[in-house]
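Data block below; observations after.
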Amino acid sequence: MQHHHTAPGASPLTGIALVSLAALLWGTTGTAQQLGAGGLSPFWVGAAQLAVASGFFCCAQALARWRRRRAAGAPGAQAAAQPAPGNAPRPRVPLSWLALASAGIGGYSIAFYAGVRLAGVGVGTAVAIGSSPVWAGLIQALVQRAAPPLLWWLGVAVSVAGGGLMALARGAAQVAPSWAGLGLCLLAGLAYASYALVNKRLVARAPAGWVNLRVFSGAALLALPVAALLAGTPRFGPASLALVLYLGVVVSGLAYVAFSGALRHIQGATAVTLSLIEPAAAFALALLVLGERPPAPAFWGLAGLLAGLGLVIWAELRGAR
């Protein structure tokens, strides 16, 4: 039987709703890039996205601090004030956890964009996103000694198979993928799964905003020099600047606020698996916004993906009883 390491008063339905919202926001990435890439290197897209997200979380923390100071100065608030008015106690978390989470999200960004360039967008995305739940389940079972139940694994298998069929039916196999590209995409899946499982422990000990600011700042410091090394000097135009701002504020900022909140309510492996809602959202946007007309097998794959996610949700709710 699995053991849930969640916060007191956790609500699995709240966690499922929050990670679903995050995945829906992530699903807008491909459409946004189609509409506004502006010729910017994908390495710089990823690195600049992390830098903008870091700025977003910095502003969010400053706003939270201002609100605490304002509340501390309200009539009758002094009696209940914390040791320093307007300043929350500094959370105590291992620096190694923050470094590992930063390496996870930064490594995911670098490995994903590099892998997709070599393997092709469709296959690369399917491998990276499809492998991450498997990595998360294995890490949770082998490292954290909290193996997900068989129903969860069945749901993952059905979802990954459905997502793979959806990607292949949409023409993902038109580009011959390289083994190096596939390896990088598998590494991206491992990096994302590692980030999620470490971040779950971080947000159990510290406010999510505090964690996100430090994790994304560390990830940006890792990704920016790598982007400069691999892609040279960036050339930002109006379209690419708008794209990076959107990705940083919405796809990273708001989405990871929701994702970090979800980790307080559900298992890390389940949160990673529900991220497979992302390709479903991207599929819907390709139909509605870009006018794509995929063949029937793509819809069969979508149905399989959603059915598998239903099994994962069922397993999570059963385990929470």
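Cβ from N, Cα, C; glycine included.
All annotation found in TrEMBL is predicted automatically rather than curated by experts.
Annotated domain 'EamA' per TrEMBL: 14-163 (among others), in sequence order.
Non-local neighbours of the transmembrane segment (42-64) in the same chain are 33, 105-106, 109-110, 112-114, 116-117, 209-210, 212-213, 216-217, 219-220, 223-224, 226-227, 230-231, 234, 236, 240, 243-245, 247-249, 251-253, 256-257; each lies 6+ residues outside the stretch with a CB under 8 Å from one of its CB atoms. Residues annotated as transmembrane segment in TrEMBL: 42-64 (among others).
What TrEMBL records for 95-115 (among others) is transmembrane segment. Sequence-distant contacts of the transmembrane segment (95-115) (same chain, at least 6 residues past either end, Cβ-Cβ under 8 Å): 42-43, 45-47, 49-50, 124, 127-128, 181-185, 187-188, 191-192, 194-196, 198-199, 201-202, 211, 214-223, 226-227, 230.
Residues or ranges marked as transmembrane segment by TrEMBL: 121-143 (among others). Within the same chain, residues 30, 111-112, 115, 152-153, 156, 159-160, 163-164, 166-168, 170-175, 177, 181-182, 185-186, 188-190, 192-194, 196-197, 267-269, 272-273, 275-276, 278-279 sit at least 6 positions outside the transmembrane segment (121-143) and bring their C-beta atoms closer than 8 Å to a C-beta of that stretch.
The list of residues near the transmembrane segment (150-173) in space but at least 6 beyond its ends in sequence, with Cβ under 8 angstroms from a Cβ of it, reads 2, 120-123, 125-126, 129-131, 133-134, 137, 269-270, 273, 276, 279, 283, 286, 292, 294-298, 300-316, 318. Residues or ranges marked as transmembrane segment in TrEMBL: 150-173 (among others).
Per TrEMBL, the feature transmembrane segment maps to 179-198 (among others).
Per TrEMBL, the feature domain 'EamA' maps to 180-313 (among others).
Within its own chain, the transmembrane segment (210-233) has Cβ neighbours under 8 Å at 41, 43-44, 46-48, 50-51, 53-54, 57-58, 60-61, 91, 93, 98-99, 101-103, 105-107, 109-110, 114, 195, 199, 202-203, 252, 256-257, 260, counting only residues six or more beyond its boundaries. Positions annotated as transmembrane segment by TrEMBL: 210-233 (among others).
Remote same-chain partners of the transmembrane segment (239-259), defined as residues 6 or more beyond its termini with a Cβ less than 8 Å from a stretch Cβ, comprise 18-19, 21-23, 25-26, 28-29, 32-33, 35-40, 45, 48-53, 55-57, 60, 196, 208-209, 212, 216, 271. Sequence annotations record features per position, and here TrEMBL assigns transmembrane segment to 239-259 (among others).
Feature annotation from TrEMBL assigns transmembrane segment to 271-291 (among others).
According to TrEMBL, the feature transmembrane segment maps to 297-317 (among others). Through the fold, the transmembrane segment (297-317) approaches residues 12-13, 15-16, 148-149, 151-152, 154-170, 266-267, 270, 273-274, 276-277, 279-280, 283 of its own chain, all at least 6 residues removed from its boundaries and within a Cβ separation under 8 Å.
In the domain 'EamA' (14-163), the DSSP tally of helix, strand and coil residues is 116 helix, 2 strand, 32 coil.
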